[in-house]
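Only one structure is covered here, and it is reproduced in the block below.
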Amino acid sequence: MFDTKDIEHNRRYALLRLYLTISGLWPYHNFRDRCIRFVPFFVFSFSIAIPQVLYLLIGSVTLDDVFESMPSLIISILFSSKLLIIMLNSKKVKICLNTIQKDWQLINTDVERIILQQHTRYGQYLATFYAVFVHTMTTLFMLKPIIVSLITDDISNTTKSSIPIASRLPFNVEYGEKFNQYIYLIAVHNYMAVFTRSFATIAVDNLYYVLIQHACGMFSIIGNVLENIGKNNANDFNAKSDKIKDNNYNKTLHCLRRHLDVIEFAENIEALFTKIFLINLNLNMICGSLAGVQVLMNLERNASDISVPIIIYTAQFIHLFLHFWNAQFLLDYSVLPYRSICRANWYYTSQKCQKLLLLIMNRTTVPCKITAGKIVILSIESFATVSIKYIINIFYSYIFPIILLLYLTISGLWPYYNLRDRCICFVPLFAFCSSIAIPQTLYLLIGSITLDDIFESLPALIISIIFSSKIMIIMLNSKKVKICLNTIRKDWLSANTDVERIILQRHTRYGQYLAVFYAAFMHVTSGLFIFKPIMLTLMTDDIINATKSSVPFISRLPFRVEYGEKFNQYIYPITVHSYTAVFAHVFATIAVDGLYYCLIQHACGMFSIIGYTLENIGKNNDDSFDAKQAKIQDTNYSKTLYCLRRHLLVIEFTEHIESLFTKIFLINLNLNMIAGSLTGIQVLMNLEKSANDVAGPITIYIAQFLHLFLHFWQAQFLLDYSVLPYESICRANWYYASRRCQKLLLLIMNRTTSPCKITAGKIVILSIESFATVVKTSLSYLTMFRSLQ
């Protein structure tokens with residue numbers, strides 16, 4: 001039985017016992033006493049997530065609010081889950097602590113005691129450092145609002161005393177209408193949550209550090225004993241000595257038993273923490289990425305805006321590092337017995353002893369490890385991978401347009417959500433986007449009286465069909481979208497040099513600016529389209545000698561629609577339907593076209609990187625050139641081979657883009673030409689009339705023209721950049737490369753003779769030249785319709 005009053009234990013594990021007792025996790029107290037401490041601790045730690053979620057759903061106004069509140073919410077979930085998992089696994093904690101006490105009691109020599117003391121002291125120092133670090137970070141986090149208000153000379157031209165008390169809380173929270181009435185209770189809830197979270201994570205993580213260091217100490221003891229096997233046996237060595245007299249055999253047998261016990265102890269640690277690390281790893285990457293995005297977004301602002309995300313980011317980074325670092329300790333020390341046997345004088349031992357040594361060596365070929373959910377092995381190597389992904393996620397989230405992520409999510413097209421969540425967003429958006437075409441068609445068949453009515457209503461109907469087909473095609477090709485986005489992420493991870501990252505950044509940023517411009521343009525155009533009837537009513541001094549108030553409400557709808565006899569009775573639901581359809585159209589086209597621009601720019605960036613690498617082939621090889629160099633030493637060959645593989649991947653990526661958008665562009669191109677011609681006729685027909693008659697069709701015509709132009713312009717980018725590797729090879733010093741390298745260069749050149757292209761239904765290649773042809777065709781349609789009119 002584990003004696004909690006043991007002097008040795010109290011002296012070495014006092015800090016761990018203190019935090020586990022406060023948190024209600026010390027397994028040697030009875031269940032009632034543990035629950036008395038644990039329940040309020042867990043309630044404060046977890047309950048703060050409820051007002052945080054409410055703030056995220058109700059109180060957050062801008063994207064900055066979301067990025068600011070999400071990391072704290074994730075930390076609340078993370079620390080609460082830690083606490084709960086350890087409480088539910090109290091028996092495993094008790095088994096591990098009993099093993100520690102048993103190991104201390106079984107120590108026979110001073111050397112073993114010194115080794116175990118050394119590792120235990122190291123765990124103690126680590127636990128103390130972590131406790132101080134967490135308390136420092138939480139104190140900074142708690143005092144953040146007060147510090148910010150003290151260092152700020154002027155916030156929005158208000159005095160510091162006028163800053164609302166709600167802004168001095170450590171979290172962004174939402175408690176409803178009576179927030180100010182219960183502000184002090186809310187403040188207590190918030191600050192208690194901070195304290196409980198810090199105590200919870202210190203208790204759980206310190207338990208992990210102490211257990212790992214004890215396991216490492218036991219592996220060191222076994223290694224020390226095994227290394228001394230066969231020493232001083234050179235003179236009196238007897239290969240056939242009795243088991244009783246064979247000291248080496250007895251020591252080895254004792255080490256074997258000990259080794260099995262330590263392996264079992266390590267497996268208990270792994271079983272205890274594997275779920276924690278699975279949750280920890282995933283949520284920490286998201287939280288760290290969001291904090292990193294905040295840092296990047298606030299770089300140009302003052303210190304108060306950047307201090308908090310830096311604190312969170314630093315804390316998360318060190319928190320993760322300590323987990324992986326200690327897991328690496330276990331990996332390294334678990335193979336120590338193998339190395340010790342190799343260094344030992346095993347050839348001076350009996351055969352029965354050597355067989356035992358072989359058993360130990362055989363077991364150490366599979367080192368003890370800590371995993372995250374039995375999936376990821378925690379080590380310094382995997383930490384480096386996680387850190388790169390951490391940074392790439394930040395970079396990817398910041399560089400890959402956040403605005404595009406937003407629109408794809410709203411439209412239900414973001415492929416990383418499950419089908420149910422996507423359908424929740426997609427179905428209503430598509431329903432509003434496409435259902436408006438029914439009353440538009442009815443108006444065309446029933447309500448239109450003159451040719452002017454047809455010319456006015458048909459472009460809007462065509463736009464509804466175009467935008468609905470866009471969003472439907474992308475939804476049906478979610479797997480291809482996911483493949484393209486995965487390729488982008490993979491390419492960011494494979495960017496090895498600063499030059500490559502700069503090139504890719506430049507093209508991605510260009511795609512970001514284009515997506516933002518297109519979103520702003522579409523919202524402005526749709527705004528003009530929505531308010532067109534009202535604006536025209538305000539601009540007109542006299543409409544058919546009637547006052548503005550007498551203008552029928554039906555004329556203020558954005559579309560020409562027909563809903564039957566009960567039109568006036570349901571005018572408000574009809575208005576909601578019409579205006580929501582406009583918003584649905586806008587969000588659909590921004591999501592789909594923004595995705596197209598970003599994918600094209602990424603492909604261009606990758607072609608630029610390949611071109612840059614190929615252009616530097618053979619440089620600085622004038623003096624050391626060897627035409628028959630070995631493959632391993634031929635750096636030019638290695639670079640060219642890498643470029644060839646990259647080039648094939650980028651070509652495959654562009655083929656995915658082409659297959660994703662070819663049907664969209666086929667529908668888009670044909671219907672846009674007709675719609676553009678019809679709006680052009682409207683402009684010509686109304687030239688002699690007042691400005692209110694010509695403003696609407698001009699807006700639609702400009703929007704369609706620019707919409708088409710951007711598609712063709714980006715396709716022209718891809719055409720130009722796909723032949724860049726050919727031009728780069730021509731500029732390179734290829735004559736200073738080996739024959740095998742030159743053959744690879746010829747392969748690349750041969751492939752670039754057929755540039756990558758975007759087509760409309762595999763029929764028309766999109767380019768600036770074909771755009772000119774489309775404009776000419778549209779004008780010819782316009783002339784034909786004009787002659788018919």
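Note that Cβ sites are derived from N, Cα and C of the backbone, with glycine treated the same way.
Features reported for this protein in TrEMBL:
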TRANSMEM  38-58  transmembrane segment
TRANSMEM  70-88  transmembrane segment
TRANSMEM  122-143  transmembrane segment
TRANSMEM  182-200  transmembrane segment
TRANSMEM  207-226  transmembrane segment
TRANSMEM  276-299  transmembrane segment
TRANSMEM  306-325  transmembrane segment
TRANSMEM  395-417  transmembrane segment
TRANSMEM  424-446  transmembrane segment
TRANSMEM  458-476  transmembrane segment
TRANSMEM  510-531  transmembrane segment
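Same-chain residues lying 6 or more positions outside the transmembrane segment (510-531) and placing a CB less than 8 Å from one of its CB atoms are 399-401, 403-404, 407, 558, 579, 582-583, 585-586, 589-590, 593-594, 597-598, 600-602, 696, 699-700, 702-703, 706, 710, 714. When Cβ-Cβ distances under 8 Å to the transmembrane segment (306-325) are tallied for each of 38-58, 122-143, 276-299, the top count falls to 276-299. Counting Cβ pairs under 8 Å to the transmembrane segment (70-88), the top-ranked stretch among 122-143, 182-200, 207-226, 276-299 is 276-299. The transmembrane segment (122-143) makes contact with the transmembrane segment (207-226), as judged by at least three Cβ pairs under 8 Å among residues 6 or more apart in sequence.
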